[in-house]
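Copied over from TrEMBL, here are the features:
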DOMAIN    68-259  domain 'ABC transmembrane type-1'
TRANSMEM  20-38  transmembrane segment
TRANSMEM  72-94  transmembrane segment
TRANSMEM  106-130  transmembrane segment
TRANSMEM  136-155  transmembrane segment
TRANSMEM  183-203  transmembrane segment
TRANSMEM  209-228  transmembrane segment
TRANSMEM  240-259  transmembrane segment
Amino acid sequence: MQVDPKNPLWRFRGVRTTTILFFVYLYVPIVILIALSFNDSRLATIWTGFSTRWYGIVVSNPDIVRAAENSLIVASTATLSATVLATLAALGMAKGRFGAQNAVSGLIALPLTVPEIVTAVASLLFFVLIGLRLGLLTVIIAHTVFCIPFAYLPIRARLEGLDRTLLEASADLYANDWQTFRLVTLPYLWPGILSGAMLAFIISLDDFVITYFVAGAGATTLPVYIFGMIRIGVTPEVNALSSLMLLISILFVSLSFLVGRLRQETGSPHTGGAAVGTGDE
């Protein structure tokens, strides 16, 4: 960890120790989890030797494979839906100014501040009231609503940096709205869209509370399946499955940071050499 000695905060006694303890508390349990997933013993907390057999058991368990398929279906569909809706919302908010714009922005970001258990209960009550049977569809709908603000914020932040003179130049070249969006706006927004989509995918893939409330029979996802396993007892199989999910999350978080770095470094849209035409397409 790089420390700035000029930062006055570091002059206070105990700040560095507290920071170190914070990171120890945050990451040591994860390291222990990964290490114990290679434990040869059936007992999760007693080390008897190194083995990868629990990973083989995990990938060959049909129930786990089915739960993984459900998780990927839900996360992929919810991410696609949330990203499209978030992009449309960001474009609509940036298109013009209206009196309730701040209120609408607050409503879009509201799921970030509402306790997840409240969102889960509200979603369950909504599906019961409209008579929609609980299953993968209800999980996808609930995840889509919950993931919209996670996709919206990076897209809106990216859109705020768009040089309006590019849009004016496109209009001067007699490009219609679709051509301007396809050749100017969309290429510029891609880093924000990808970053928002990956964040939404991570949130959906790892979500337990909302899924637990709105999932019906046959709609078990990996977090819900892991919860059922640990109610019986923590085993190296649980550790191995959790480690695999952690690996996926780390991968997408890393990609999200890389895309975020790209978003900061690119100050102009990349159109791949495309030019704005003057005729209708």
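Our numbering is plain: 1 for the first residue shown, then up by one each step along the chain.
Including glycine, each Cβ sits where the backbone N, Cα and C put it.
TrEMBL entries are annotated by machine, without manual review.
Per-stretch counts of Cβ pairs under 8 Å to the transmembrane segment (136-155) identify 72-94 as the leading one among 20-38, 72-94, 106-130, 183-203, 209-228. Across 20-38, 72-94, 209-228, the stretch most heavily in contact with the transmembrane segment (183-203), judged by Cβ pairs under 8 Å, is 72-94. If you look at the transmembrane segment (106-130), the same-chain residues 6 or more away from its ends with a CB under 8 A from one of its CBs are 89, 138, 141-142, 145-146, 148-150, 152-153, 207, 209-210, 212-214.
Only residues 6 or more beyond the boundaries of the transmembrane segment (20-38), in the same chain, are considered here, and those with a CB under 8 A from a CB of the stretch are 1, 44-45, 47, 50-52, 54-55, 236, 239-240, 242-243, 246. The list of residues near the transmembrane segment (72-94) in space but at least 6 beyond its ends in sequence, with Cβ under 8 angstroms from a Cβ of it, reads 101, 104-105, 108, 136, 139-140, 143-145, 147-152, 155-156, 159-160, 162, 185, 189, 193, 196-197, 200-201, 204-205, 211, 221.
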